[in-house]
Amino acid sequence: MEFLEDAYEDELIDAFDTPEPQVPAPTTSPPPSRAPTLYPTFDDAVQASPTPAAAATAPAKPLERLATEVPLPAPMCYEDELMSTEELQRRRQKMEREMHVYRERFDRVAQALAGDTPHQIEERRKREEERRGRQEKRHEAMETRLQHQIERLEEREQRRARIQARHLRASRSPSPSMVKSESEEDTE
C-alpha cells in the first residue's frame with residue numbers, strides 16, 4: 001500500500017513527464033495598433049474620429065419628482081401586537097434595566113472625563129501632598145542656605161573688626177624700633 005504522499009509525488013512526476021502539445025506558434029505578428037492618447041493633439045490636418053454613441057441608459061427620474069415623492073413607510077413591526085401583556089411588561093422591564101445600566105456607565109464615563117472619580121480625587125490629593133512636601137523641603141533648604149550665608153557674613157564682619165582693631169592698636173603704639181631706642185636711652 002502506497003502512502004498518499006508517494007502517490008501525489010508520482011502524479012506530479014507524470015504530469016511533468018508528459019510532452020507538451022505541439023501547437024504551431026503564430027508566425028505573423030498582429031498589426032501594430034495605435035494606443036489611444038489621453039490628451040489628443042489639436043491638429044487641423046487630423047480629422048477627428050467620430051465619438052462613440054452614448055450607451056442607452058434607463059431614463060432618470062427628474063430631481064423634482066424625487067423630492068416630491070413620499071418614501072414608502074418602513075415595514076411595521078407587529079410583534080408588540082402579537083405579544084401578551086405579560087411579555088410586553090417583561091420586555092419593558094428588560095429595556096428599563098438596560099437603560100439604567102447604560103445610564104450608570106455613561107455617568108461613570110462622564111465622571112471620569114470630568115476627573116471626579118474617587119480614584120482621581122485621591123490621586124490629586126496625593127500629588128498635592130507630595131508637591132507641598134517638596135515645597136517645604138525647598139523652603140527648609142533655602143532657610144539653611146540663608147542661615148549659613150548670614151553666619152559667614154557675621155564671621156567675616158568679626159574678622160574685619162579684629163583686623164581693624166589690630167591696625168588701630170598698631171597705629172597708636174610706638175613701633176618696636178622706637179621702643180628699643182627709648183629703652184636704650186633709659187639705660188644710659
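A Cβ is built for glycine as well, from the same backbone N, Cα and C atoms used for every other residue.
Bear in mind that the values here come from a model prediction, so they are computed numbers and not experimental data.
Per TrEMBL, compositional bias 'Acidic residues' is recorded for 1-14. Annotated compositional bias 'Pro residues' per TrEMBL: 21-34, in sequence order. Here TrEMBL flags 48-60 as compositional bias 'Low complexity'. The feature compositional bias 'Basic and acidic residues' is assigned by TrEMBL to 119-160. Annotated compositional bias 'Basic residues' per TrEMBL: 161-170, in sequence order. Sequence annotations record features per position, and here TrEMBL assigns region 'Disordered' to 1-62, 110-188.
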Number of helical, extended and coil residues in the compositional bias 'Basic residues' (161-170), per DSSP: 10 helix, 0 strand, 0 coil
For the compositional bias 'Acidic residues' (1-14), residues assigned helix / strand / coil by DSSP: 11 helix, 0 strand, 3 coil
